[in-house]
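Undergrad: Got a structure here, written out as structure tokens. Questions coming.
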């Protein structure tokens, strides 16, 4: 019977670790597109912020120029300790141009080229929140020694796939990255002790993709037409085969939020050195 690696105990442990934050009166600046459907995520951030006595300063923008201006203003404001660009934004906007304007020491998403470069060199404190959550879950439940393990990351985004690859490699796992052009994915994934899937497609990973006793981390969050939230894994059919699996909802997402506030604390420490 598979171990269900729920996110709440992991997130609670991180919040406990972050209790020193409560006396610091930190502020997280959030910039979102006016009218976007990010309300649910913002609500989760708000609850976590209250728990840690963090103030949220939310700016809503309608034009790309407003976005870049808001980033610059918050970047110069000493009372703002971290900046988060809350997706989604219009597809035609140059998101990377805007995110690159965030000072590296205020980059709670850890996607600035400076922070990703340091991560690649193995000397970065800031790690993108979602892959940081993946490692936190694996460490908390301790179901698989990463050293020497065969790991497959499905998805190569700079927010999840790339940093997950770097972190797992630095933990001495043997890591392969798969993507939309990968040939014969099932035969590749059936060799993996650990599968991390982040493709944004409901029920993408089936029982044909996993070997018996593997560990599966489902990063996906997909809303079906009937409103049901599911992951990238066909959990009903995969779960009976594997040693451990994260649920959706209730898995990686809540830990990602906690890791975001951990990054805010690290940003503050960087700014006050």
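Cβ coordinates are placed from backbone N, Cα and C, and glycine is handled just like the others.
Found this in Swiss-Prot, in case it helps:
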BINDING   155, 156, 157, 180, 221  NADP(+) binding site
Undergrad: Taking 10 A as the limit, how many CB atoms besides its own sit near the CB of residue 155 (NADP(+) binding site)?
TA: 24
Undergrad: Among the binding-site residues 180, 221, point out the residue whose Cβ has the most other Cβ atoms within 10 Å, with all shown protein chains included in the count.
TA: 221
Undergrad: Including all protein chains displayed, how many Cβ atoms other than that of residue 156 (NADP(+) binding site) lie within 10 Å of its Cβ?
TA: 18
Undergrad: Just to confirm: which same-chain residues, 6+ apart in sequence, have a Cβ under 8 Å from the Cβ of residue 157 (NADP(+) binding site)?
TA: 198
Undergrad: List nothing but the largest Cα to Cα distance in Å, as a whole number, among the residues 155, 156, 157, 180, 221 that the record says bind NADP(+).
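TA: Looking at 155, 156, 157, 180, 221 as a set, their Cα atoms extend up to 18 Å apart.
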